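Participant: When I checked TrEMBL for this same protein, it listed these features:
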type	residues	note
TRANSMEM	A:7-26	transmembrane segment
TRANSMEM	A:79-98	transmembrane segment
TRANSMEM	A:110-133	transmembrane segment
TRANSMEM	A:154-176	transmembrane segment
TRANSMEM	A:182-200	transmembrane segment
TRANSMEM	A:229-253	transmembrane segment
TRANSMEM	A:265-286	transmembrane segment
TRANSMEM	A:298-321	transmembrane segment
Amino acid sequence: MNDVLDVALRLLIVFVVFLTLPLIVGQTEHKVMAHMQGRLGPMYAGGFHGWAQLVADGVKFAQKEDVVPAGADRRVFQLAPAVALLPYLLVLLALPIGPGEGAVGQVLDAGVFFVLAVMGVGVLGSLMAGWASANKFSLLGGLRTAAQLLAYELPMLLAAASVAMAAGTVSLVGILDAFEWWWLPWQIVGAIVFFVAGLAELQRPPFDMPVADSEIIFGAYTEYTGLRFALFLLAEYAGIVVLCGLTTVLFLGGWHGPWGADGLGWVWTLLKTAVLAFVVIWLRVTHPRLREDQLQKLSWTLLVPLALAQIALTGVVKVVIS
Amino acid sequence: MSPLPGFPGSGLAKGLAVTLRTMTKKSVTAQYPDTQPALAPRTRGVIGLFEENCTVCMLCARECPDWCIYIDSHKETVPAAAPGGRDRSRNVLDRFAIDFSLCMYCGICIEVCPFDALFWSPEFEYAETDIRELTHERDKLREWMWTVPAPPALDPAAEEPKELAAARKTADKLAAQAAARPDPHPGPQADPKGEDS
Amino acid sequence: MTLAAAAGTVAHATTTTVTTAAEARGFLSPTGVEIAFLLVGLVTFGAAVVTVTTRQLVHAALWLVVALGGLAVEYLLLTAEFIAWVQVLIYVGSVVVLLLFGLMLTRAPIGRSPDADSGNRRVALAVAVAAAVALVWVVVDAFRTTWIDLDGAPAGSTDVTGAGLFQHWVLPFEALSVLLLAALVGAIVLSRRANTAAAAREAEPREAEPRETGAGATSKTPHGSPAEPAPEPAPGPGRAPAARRRDAEGNR
């Protein structure tokens, strides 16, 4: 009975985090982007600096009509948002935010593989949406999504493999237990490759070719309205949280910090994740969208070789120090 | 330009620096409904009608490129002022309306009005929920006259306005005449400039 | 092939790590895990059948996701956690995405495809049944009544799988790697040759094109001489691929 209660409590906490953190990231994006562009951003909803803007947006989405195009494949069309969103919820379950059993939803033996595998599944939602919408812009968006995923999955995996080699384990908790501060400079190339490839997998600007609004309207999500559209947006922001959390855990040492190791580890994790989320927003504001060929070229000619070089470096250092 | 022009990614870093610097600066957004905007002196907000000056010459309505000015009038006979004189007819304005859903704020009507009956007012908050209500009638246009600001001061070295010059000339002449009548000696020193023209 | 690989990996994991429990186990008092295993197996089987019978191409690919995911769950139930996630990562995350990409790039109509039915489905069925029988027979013959002790130390964890793969099975593993590498190199070589061939083939119509337009022009204007040179001289056959390559580079 106690076990059941424990599991239920953990699931509930993860679910609440899953619902709140993406909204916080979204609101931060509103405000940070506005100020980076010399604007103020939302100011009215909720009274104080528009803190409730996303709540208002959610209410608006809930009121909208849920339209399924006449020519669409109804069932696949309706299923797609769930397929896009649920994987990120599962990933969040495996991310440790602090030392010890209490600070992770579920300890997994092959955590790195689990996380990367499930994140890759999320892209299926975009593909389903793109195909089922019976819209050429959606189809183009789906195609671009698939091409982008195929190009960037590889460097991401290789970069993660480098860390796994360094730690000698593929468990997320194990990696963090083995972490030393000098891993930071050691794995910095891998970290950058991982982060950039993750951005591309999330289709965040400057890698937002699949949803390029000036060319193909909104890519795979063109035909979506109301709550289903909101779910896709939520998936994007949940993806940011997951990517930043994962980069923190794999490369930045998670709960390790210069001080406050006892009991305050989770603060470090959240802090690092927040900084990375800020970087995600910052990159979005600053850089223009990459063209499709530039996108592919960046992955195959820069990120993959860099990741391979990182693996080689990791292997050499590992052999030398052992 | 950059400290390391050849370094790969220096351009990307420069872009990031620009956005970060912008974020730390105060934003320039004006919170309009809370704070009124600072309008330029000759703002073209809306067209006010000084209907006392209007003679129903129809020039504004005819020159309007959008045909957005509607004028109705009738003729009225004014009895002769002096006994034995002729009766005069005069135009009386019945309706003067401007359809601001058509108006493109070119200001031609204001330019062509020979009697200074139309003016720019900086008033801009006259949005309506129905496009038909954007046709504003003469009472509304007359009310807007109160918001017309005084004309801005001239530049320091500007030429004197023609009407002021003319008015002063007449005044000077009258003064000179008045001065000449009681005093036998004329005053060439009174205003040589006025005598010239 | 998936099944074969899966069975092989399970075989690795089990034979190397599990102390075979030969004691009597009844089929009549199944545990919860066994029931779950059976149910998931049924779902997987059903999804697989739908995959090959549905007339809608993309639906087939999506049902394949269900089948492969079901397989991953089966691995999980057998405590082969590592294999399960790799299954999701490779098959669901990459292979199906590649499949969908190919489908959407070529032809993926919404609704039934009229030509999704193959004439030799009987042969296909026979091959499938033969393959299934062979696999099942091999697996059954290899394991008989071997049971995995689910309550003990996990028999399919990353540690155990890695150790088994690189200690007992390192030779087959390396052989497979070399095989895959050879396939990779072969694919690259083939695609390169096909590319140059295609370029050469494309150069020929280019050469022929102006002649055709010239003929069209003569038919329209009867007084024009057919020997009149085309406004754009056709690139020589030797120059055409180079020009194409230059074009491609410019585009890049």
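Glycine too: its Cβ is placed from the backbone N, Cα and C atoms.
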Participant: Cβ pairs under 8 Å with the transmembrane segment (A:229-253): which stretch of A:7-26, A:79-98, A:110-133, A:154-176, A:182-200 has the most?
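Facilitator: The listed stretch sharing the most Cβ pairs with the transmembrane segment (A:229-253) is A:79-98.
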Participant: Between the stretches A:154-176, A:182-200, A:265-286, which wins on the count of C-beta pairs under 8 angstroms to the transmembrane segment (A:79-98)?
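Facilitator: Ranked by Cβ pairs under 8 Å, first place goes to A:265-286.
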Participant: Looking at the stretches A:7-26, A:110-133, A:182-200, A:265-286, A:298-321, which one shares the most CB pairs under 8 Å with the transmembrane segment (A:154-176)?
Facilitator: A:298-321
Participant: Under 8 Å for C-beta pairs, could you tell me which stretch among A:7-26, A:110-133, A:182-200, A:265-286 has the largest tally with the transmembrane segment (A:298-321)?
Facilitator: A:182-200
Participant: With a Cβ cut-off under 8 Å, give me the same-chain residues at least six positions beyond the ends of the transmembrane segment (A:7-26) that come close to it.
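Facilitator: Distant Cβ neighbours of the transmembrane segment (A:7-26) are 54-55, 88-89, 92-93, 105-106, 233-234, 237-238, 240-241, 277, 281.
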